[in-house]
Amino acid sequence: MKWNWKKNKSLPFQDVFGPAESTITHVTYDSRKIQENGCFVSIPGNNIDGHTFIPDAVHNGASTVVGSDRDTLTQYAASFPAVTFVLVEDSKTAMADYAAHLHHHIHKKMNLFGVTGTNGKTTVTAYIRSMLNNLGEPAGIIGTAGVWSKKSKHPFKPTTPTTPEAADLHDIFASFYEEGTRTVAMEATSIAIDLKRLHGLEFEVGVHTNLVSEHMEFHGTMENYKRAKLKLFQQSRQAVVNLDDDGMAQDILNMFGGPVWTYGIRRSADIMASNIRTDAGGSSFLLTVQGRSYLARAPVFGEYNISNTLAAVGSCLAAGYSVSEILCSLPGIQGAEGRFQIVSDYPGKQIILDYAHTPDALELVVETVKSLPHKRLILMITGIGLRDPAKRPKMAAAVEGKADHIIVSVDHPGPYNRQRIVDDVASGFHDPEAENIYKRKHREDGIHKALSLSENGDLIVITGLGFGGYQVINDQHVPYDELEVIDSYFQENRQLS
């Protein structure tokens with residue numbers, strides 16, 4: 001696509017140095033991904049300034065360079081006269097605007113569902129996708145579980161834990177649209193919102209799950225954290241709000257002027273669940289929608305996943321589906337990988353994998369699994385190197401006395417000392433040296449220890465950030481597969497037996 005920077009008034013910029021016209025085939029913030037006629041957006045960061053990679057981008061074929069540092073751009077414009085240099089006020093919003101323009105604002109032709117909250121985002125997006133696909137509406141998801149269209153998982157290499165950068169998002173929207181997926185349920189994290197990755201997007205429905213303390217290492221205060229999440233509803237036409245949540249439900253209702261569907265289990269709402277009964281195949285419950293009750297069934301476990309199901313029900317109601325259509329779709333819903341995922345490949349072993357990585361989520365998972373038939377409960381919890389250190393001991397406190405054996409390990413250590421992370425978590429126990437508490441510095445070792453402690457009839461619950469395909473170690477994204485780690489234990493023990 002040829003861009004004339006002087007004539008096109010819809011493209012925000014402050015100044016242009018070099019050729020007024022440039023050909024652009026792709027937009028990226030990563031100089032290593034630049035190919036011929038690429039547009040490189042240099043984004044200043046806390047540790048690295050993207051402007052320092054301008055020469056690399058030009059050598060790799062960039063036709064256009066975008067940045068917010070006038071002196072740097074004028075300097076490089078003199079060195080590379082054939083390249084167009086574009087000065088902008090904010091590189092992040094410019095990247096979103098330029099990527100949208102490159103793809104002809106295809107996102108405006110799509111139905112976007114944005115899900116925000118501390119816990120439950122991945123599960124809710126998966127439920128929305130599954131229910132809509134069951135109802136005949138091709139839908140995809142974008143988030144921690146990866147990028148999935150209606151048909152399959154896309155080979156997208158993540159550069160962020162959950163919500164991709166704006167340039168990547170618009171590439172994904174375009175690929176979805178081309179293959180016929182016109183509806184997307186995506187996770188809208190507070191960090192992504194603050195870093196303007198969602199700039200310019202218009203959501204048909206903004207969905208709220210809950211708000212508890214998280215990401216304090218980024219936001220600093222709970223008020224900042226909440227303020228970031230509330231911004232999603234400024235970009236949403238309708239809202240789905242969890243009235244059971246004291247964290248931000250009332251704030252959304254106070255600020256939002258559009259149509260709202262509320263949901264809850266403990267408080268009166270538009271959409272409610274009661275008389276919940278759980279068996280080996282899932283849960284049955286009484287679904288009440290605006291005062292009328294219906295018998296519903298879904299293959300989900302735990303009150304928190306019933307709540308996630310209600311969020312998806314509200315999203316489908318907001319999208320115009322009837323209660324009868326929704327009831328038909330519920331028995332076939334599928335959750336996300338690693339969200340209360342039951343591994344049934346090993347006879348005699350009951351293994352559940354769950355992404356729980358906050359004290360609240362951990363408590364809910366343990367409460368749910370304890371209602372399932374088992375002899376002993378063997379639980380693995382983790383401390384996350386790249387998250388708020390103050391949360392680590394709270395993980396231990398949340399589960400103390402609730403399992404027969406507890407293994408403490410590490411997720412995404414980053415550059416931090418693994419032993420320190422383990423000790424931080426264990427400090428939350430009254431007796432960190434108790435004989436039923438085991439410490440392992442590597443997640444693989446922790447999983448193998450949990451499995452080695454188990455006997456037939458025991459329930460092994462492995463929590464933490466085991467999914468996503470990698471672990472961050474130092475500054476590297478090291479490939480990691482949770483199911484392969486589990487399988488390797490059984491393969492090794494088969495050979496020994």
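Count begins at 1; order follows the chain as displayed.
Note that Cβ sites are derived from N, Cα and C of the backbone, with glycine treated the same way.
What you see is a predicted model, and the numbers here were worked out from it, not measured in a lab.
Record features, source TrEMBL:
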DOMAIN    23-74  domain 'Mur ligase N-terminal catalytic'
DOMAIN    115-315  domain 'Mur ligase central'
BINDING   GLY117, THR118, ASN119, GLY120, LYS121, THR122, THR123  ATP binding site
MOD_RES   LYS229  N6-carboxylysine
DOMAIN    338-464  domain 'Mur ligase C-terminal'
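The Cβ centroid of GLY117, THR118, ASN119, GLY120, LYS121, THR122, THR123 marks the ATP site; residues of that chain outside this set whose Cβ lies within 8 Å of it are VAL115, VAL124, GLU187, THR209, ASN210, ASN308, given in sequence order. Distance between Cα atoms for LYS229 (N6-carboxylysine) and THR123 (ATP binding site): 18 Å, as a whole number. The most densely surrounded of the binding-site residues THR118, ASN119, THR122, THR123 is THR123 (count of other Cβ atoms within 10 A of its Cβ). As a whole-number mean, the pLDDT of the domain 'Mur ligase central' (115-315) in this prediction is 94. Annotation for LYS121 (ATP binding site): spatial neighbours VAL115, GLY143, THR144, THR162, GLU187, ALA188, THR189, THR209, criterion Cβ-Cβ under 8 Å with sequence separation of six or more. For GLY117 (ATP binding site), the Cβ neighbour count at a 10 Å cut-off comes to 26, with all displayed protein chains included. Residue counts for the domain 'Mur ligase C-terminal' (338-464) under DSSP, split into helix (H, G, I), strand (E, B) and coil, are 42 helix, 32 strand, 53 coil.
Under DSSP, THR123 (ATP binding site) is assigned to a helix (H, G or I) in the three-state scheme. The Cβ of GLY120 (ATP binding site) lies under 8 Å from the Cβ of THR209, ASN210, TYR304, SER307, ASN308, ALA311, each of these being in the same chain and 6 or more residues away along the sequence. According to its DSSP assignment, GLY117 (ATP binding site) is coil.
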